[in-house]
Amino acid sequence: MYQPPDAGHWTGRIDSVKDERAFRLHQRIRLLDLSQPLETAAERAAAFIGFACDEGVRRNQGRQGAKEAPAAVKAALARLPWHLPEGVVVYDAGDVVCIDERLEQSQTELGKAVARLLKNGMASIVIGGGHETAYGHYLGVREALGTDARLGILNIDAHFDLRPYDDGPTSGTMFRQILDQDDQVSYFCLGIQRLGNTAALFADAETYRCRYMLEDELTAGPIEAAYEQIEKFAADHDAVMLTFCMDAISAAAAPGVSAPSPFGLAPSLARALIRRIVSHPKTISVDLCEVNPLLDEGGKTVALAAAFCMEALLHFQRLQPRR
């Protein structure tokens, strides 16, 4: 079910009502109701769309609570300072909410919302929700691109999420679903934990010809090796979407997730990967998933997720001034 944006999420400290250099995001955000006809987007525009759903996590035997994340992350974003270039417009496009365990219907609805934003010329940032968010996100990107475009999916994650879906989709099946139904998609996962995936899942990754880099490869560096692989991957595709699972981050920095990672990525390393990926001209859309405010400690996971979303905004190549 679609819910229009809630202005109540966008409040916070006010340092000035006149000096725009002192503004925060809550003073610049615009509300966009997708149930109404869309205005023509600014030349450089982006929109947040929430996916309040953790039904996929429940089906995957995980710990629920991620459906609370869109509201919490938006409230944390509201307080961050505005550093975007002049002329950029940022919208809150509301939320798609999963009702009565209707995961598949909700993913379809999210896809329609994302497609509408992209077709209107906006960059989209989807705030999940469990990682089942990524499937709905993909549906929207594919609709916007058309059936023939080669799409690269970059996933920053501790897990492959290539589980079988004989008993229905979950938060651990979506990339297998996508690869089974779309031969114009390739998949590259950064941050894989050897102790977070069975030998069967590593075998499945080989079967599906997935590219991946282990967490310890990324941590040992140099990061330029990852950058080189990202560039090669993007070069093979017409467009790229980024999906980011917060359980890729070390549990010390991101305890508020369903499946915390004791040997996860450092936030600064993840930030560098986000910056590199979204600054590529082929990257058109981003999602961030698996924040669970009910399991968080002092709001640190929510705050980190909001910072990652802002980093995506700041470095989206399509939001930079035209030269």
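In case you wondered, yes, glycine gets a Cβ from its N, Cα and C as well.
DSSP assigns Cys245 (Mn(2+) 1 binding site) to a strand segment in the three-state reduction. Around Cys245 (Mn(2+) 1 binding site), the same-chain residues six or more apart in sequence whose CB sits under 8 Å from its CB are His131, Asn155, Ile156, Asp157, Ala158, His159, Asp161, Cys289, Glu290, listed in sequence order. Annotation source Swiss-Prot lists Mn(2+) 1 binding site at His131, Asp157, Asp161, Cys245.
DSSP assigns Asp157 (Mn(2+) 1 binding site) to coil in the three-state reduction, placing it in neither a helix nor a strand. Cβ neighbour count for Asp157 (Mn(2+) 1 binding site): 29 (other Cβ atoms within 10 Å of its Cβ, all protein chains included). Among the features that Swiss-Prot reports, Mn(2+) 2 binding site is placed at Asp157, His159, Cys245, Asp247, with the record citing sequence analysis.
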Quick check on the binding-site residues His131, His159: which one has the highest count of other Cβ atoms within 10 Å of its Cβ? His131
Three-class DSSP assignment, His131 (Mn(2+) 1 binding site), comes back as coil
Other than Asp157, His159, Cys245, Asp247 themselves, what residues in this chain have Cβ atoms within 8 Å of the centroid of the Mn(2+) 2 site's Cβ atoms? His131, Asn155, Ile156, Ala158, Asp161, Gly191, Gly196, Met246, Ala248, Ala259, Ser261, Glu290
Using a 10 Å radius around its CB, how many other CB atoms surround Asp247 (Mn(2+) 2 binding site)? 27
